[in-house]
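Features reported for this protein in TrEMBL:
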{"type": "TRANSMEM", "residues": "25-45", "note": "transmembrane segment"}
{"type": "DOMAIN", "residues": "69-150", "note": "domain 'Bifunctional transglycosylase second'"}
{"type": "DOMAIN", "residues": "164-335", "note": "domain 'Glycosyl transferase family 51'"}
{"type": "ACT_SITE", "residues": "Glu188", "note": "active site, proton donor"}
{"type": "DOMAIN", "residues": "428-675", "note": "domain 'Penicillin-binding protein transpeptidase'"}
{"type": "ACT_SITE", "residues": "Ser466", "note": "active site, acyl-ester intermediate"}
Amino acid sequence: MPKKKTRKRRAKPRRKPGFVRRHPWWTLCLILGGAFCLYVLYLNWQITSRFEGRRWDLPARVYARPLELYAGMSLSPDALEQELSRLGYRAVAAEPTTPGSYQRYGRVIAAVTREFRFWDELQPSTRFRVSFNAGKVETISVPAGKSPVVRLDPLMVGSIFPQHGEDRLVVAPEQVPETLRQALIAVEDRRFMQHPGVDPIALGRAVLANVRAGGVTQGGSTLTQQLVKNYFLDNRRTLGRKLREALMALILELHYSKADILNAYINEIYLGQDGQRAIHGFGLASQFYFSRPLAELELHQVALLVALVRGPGYYDPVKSATRARARRELVLTLMSEAGVIAPEVAARAAQQPLDTWDRASAGASYYPAYLALVREQLAAEYRPEDLTRQGLRIFSALDPLVQASAERQLADGLAVLDQRQPERTLAGAAVVASPQSGDVLALVGDRRSGYEGFNRALAASRPVGSLIKPVVYLAALESGRYTLASRIEDEAIEVPLENGDVWMPRNFNQETSGEVTLLRALSESLNLATVRLGLDVGVGAVADLLTRLGLDRAVTPFPSLLLGAVEMTPMQVAQVYSTFANDGFRSPLRAVHSVVNVTGEPLQRYPIELAQVVDSANVYQLNQGLVTAMRRGTGRSAELDIAVAGKTGTSDEFRDSWFAGFSGDRLAVVWVGYDDYQPTTLSGASGALPIWTNIMRDVAAVPFAPPQPPTLETVRVDYYSGAAVGRNCESAESLALPANTELARDGGCSNRSVSIGERTLKWLNDVFN
């Protein structure tokens, strides 16, 4: 058989190796180069997107009330000087000519206010002179002549900052002193105007300088790199982060001018810590360390802030004054070497004191207890992010002079009371308000100024004891069946309860007083008479009236309510008592007057709200009883120079000591006790009343003397019997009662001499009520 021919397979032509195989290193370079380009584009997007929009979350700024000066107002030159000092005004020897300066000579103070944008106008800087006489403003003059009113710029009392804790006060380029810009360049980045964001020359120079000095005296990072590190990056010290910092600095310089970068740096850099609040930017640092605007700083103060850039904690001028002074001197020397200032100017500045503001007087965030009230009242209309990001400006009702007095008197008073039980530390709270306007002028939540923890003024809900009694007596007056001259039995009583128990209230001394007038029962805080009166008018009526007066919740009408078995905070007590002080008109106590946005455009006003909830004639009669309580009852130890009305309060086993009262212009509430509800041995008269008295002695100027309603007629009534008496009756009180009131016909004028035993019982009653 013939063989089959086999075909030879043609060999496939060899493919040439691809580019990747032939040039693996070039391929790798292209991949890395592409990735690098994408990374650069990402960094470019990250930089421009953040820098083109809102660069920072701007915390809301909270301002105190602006002090308005007018002829005739009650104000001493010392008080005005204290206000100017808190505002950071500089005392000068000659006539003041620059904003934020003042001069005092005797009873005359001359000053120049700062320009400030209020909710209603942009107020220009104004020169004024004010003279005083007998504790009042006598005259006010300005260059154009006499001025009816001069309004000072308000004190910034705090801010509502985000949870990350960064707080800053952004300043515009025109608000930055040129010496600050020059100092930053001279100390931190001499070639700032020449380099493209990264400076190898400066890095090399810093290495040599540090080697020669044997320590770190200079840094190699440019201002642009420092801005990138603070604004975009974290604090990890890795090579990758350092390379990213340099790359981002180059990109930043491509997009933005040197002036823009420097101003961003001035607003971004971290310069200190204030409790939970991080101080960022020179604008806020100026306020924090010197209590004055950045534009008003002197050379030695600017140098100190620049010194803090290297290490705010290490060079803290309060905790490390020696290091801070040495670093400031180095800053001044570097400024002199760079030709920014003359050597003799640097030498004079180096001799100046550190000149920092006494931060201890303001606390961790100035007035955190009051700021909590501001946040609480704004929460209904503003989201948390609005308050922490939008740069809102909030004008509050806080009066720094009243706040300082309340803080001081509470702390000093508790220190005295602590001596009774040295092994324990009392807690306390205070609220001071203007009942006519509803303004909360001061709010103290702890004996420590600036304490940011538990705010007892707003959150400590405690039994109010006898503070409730005026509500019981007002309910009786509203019923139309009682007047203060009416009589009621102060005798033992048993009250059956729904659960089958029997409530048997007692007077403090286990004694009874027989038949007494309502005036005496209220003035001397008699328990049995009050319970009988409350049961007669109805516990439900008392509970309803308490809500009507301003308590923001309903109260269960148990009989024990009549002796104060209801828990309230000092702020809630102030709300109720403000209705007494305001002739029966309820006005919600307010901490905020107005809110404006970051450009000064008004967003919200909070005007006075008034609602008459009780007839003025009934409130007038009640207040006569509260005035009598201050003259001859449980509050008589106050001994103030002006007429006031008030009531003590003591809870069971002396766990709570209260006092609430008012003058013609101020209302104050004070609570004293232990946080763990242990007995204090203090009554309202022995614990809270002395503190209340000292506060009112500082802040109250107008006696409580409301106009008598036309439906009432003044008659002389015996304090003990309630009978009409003549002028010669020593035990009489002048009472305004409804026209044609029938008075008791028996009893007449007591005119009795009080026995030692009765005096002792009365003293004990005062102490324990």
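Cβ coordinates come from backbone N, Cα and C, glycine included.
TrEMBL labels come from automatic prediction, so no person has curated them.
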- prompt: Rounded to an integer, what is the Cα-Cα distance in Å between the residue listed as 'active site, proton donor' and Ser466 (active site, acyl-ester intermediate)?
  reply: 65
Message: When secondary structure is assigned with DSSP, how many helix, strand and coil residues does the domain 'Bifunctional transglycosylase second' (69-150) contain?
response: 10 helix, 35 strand, 37 coil
Statement: Students should find that the Cβ of the residue listed as 'active site, proton donor' has, within 10 Å, a number of other Cβ atoms equal to 22
Statement: Looking only at the domain 'Bifunctional transglycosylase second' (69-150), mean pLDDT returns 91
Field: Local Cβ density at Ser466 (active site, acyl-ester intermediate) - other Cβ atoms counted within 10 Å
entry: 25
Task: Indicate whether Glu188 (active site, proton donor) is helix, strand or coil by DSSP.
output: helix
